[in-house]
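Engineer: So TrEMBL has the following annotated:
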type	residues	note
ACT_SITE	Asp35	active site, proton acceptor
ACT_SITE	Asp175	active site, proton donor
BINDING	Ser8, His66, Gly142, Phe143, Gly144, Gly145, Asp175, Gly176, Gly177, Gly197, Ser198	substrate binding site
BINDING	His33, Asp35, His66, Asp175	divalent metal cation binding site
Amino acid sequence: METIISPSLLSADFMHLDREIEMINESDADWIHMDVMDGVFVPNISFGFPVMNAVGKVCKKPMDVHFMIVHPENYIQQTADSGAAIMSVHSEACLHLHRTIQEIHKAGMKAGVTLNPSTPVAMLEDVICDIDIVQLMSVNPGFGGQSFIEESIRKVARLRELIARTGSKALIQVDGGVQAETAPRLVNAGVNVLVSGSYIFKSPDPLKTISELKRLRPSVAL
Ligand code: DX5
Ligand code: ZN
């Protein structure tokens, strides 16, 4: 299976978002990853619907929106209206995760569930067959440019085991510290979707960096 690349807009140049979206439109990226933060669930604030709506109008790649907010269930319809294809919520932020997944589907989007580094994969045991994407945080959420948490590689293996055992069709997505050294190891561990922010946007040639990530394939049979 092809590796799906989702560049994280958080590390883009916000003074020139039009150029950055143009770059993503022309690139080999599959999706565009957008990080919404509220300063409550995570200790940082990013952007919200005005930016998502504007990007949704010009970006040709499906919007993969990662909500790091409390009560993401209150914003499902607004997210669908912005043109988002994927809405990912944190399991730690959802008291009624099963209902939230159902509502995301009802609004016509793919449902992603994100786990913080300290949240075990076992939390998803009873919903894994209802989820389109499981996003593992390989840094503590809130900031770009942090160091990759090594345990994430073993966590991918545990998630693969859960997916295989239950027959779930969920894709495995990893977010945080994805760069030249960690990306091939993640793909070898069975990751389907790589989110990458600072490594792509701070590189001298983001188009080339995206193409290189896109070419990664598992070097061992999975
Ligand atoms: C962090 C965000 C990430 C962030 C990743 O909370 O969810 O999407 O942009 O940034 P890098 O790739 O720089 O670690
Ligand atoms: Zn993210």
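The backbone N, Cα and C atoms fix where each Cβ goes, and this holds for glycine too.
Help me see these features in their spatial surroundings.
Structural biologist: The Cβ of Asp35 (active site, proton acceptor) has 25 neighbouring Cβ atoms from other residues within 10 Å, across all protein chains displayed. Under DSSP, Asp35 (active site, proton acceptor) is assigned to a strand (E or B) in the three-state scheme.
The Cβ neighbour count for Asp175 (active site, proton donor), using a 10 Å radius and every protein chain shown, is 25.
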Engineer: Output: those recorded positions from Asp35, His66, Gly144, Asp175, Gly177, Ser198 whose CB lies less than 6 Å from an atom of ligand 2, in sequence order; none if no residue fits.
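Structural biologist: Checked recorded positions vs ligand 2; flagged Asp35, His66, Asp175.
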Engineer: What is the Cβ neighbour count of Ser198 (substrate binding site) at a 10 Å cut-off, with all protein chains included?
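Structural biologist: Ser198 (substrate binding site): 17 neighbouring Cβ atoms within 10 Å.
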Engineer: Just to verify a number: CA distance, Gly142 (substrate binding site) to Asp35 (active site, proton acceptor), in angstrom, no decimals.
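Structural biologist: Each residue's Cα considered, Gly142 (substrate binding site) and Asp35 (active site, proton acceptor) end up 9 Å apart.
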Engineer: Neighbours of the divalent metal cation site His33, Asp35, His66, Asp175: Cβ within 8 Å of the Cβ centroid, same chain, sequence order.
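Structural biologist: Apart from the listed residues, the neighbours are Ser6, Ser8, Leu10, Met34, Asp64, Val65, Ser88, Gln135, Val195, Gly197.
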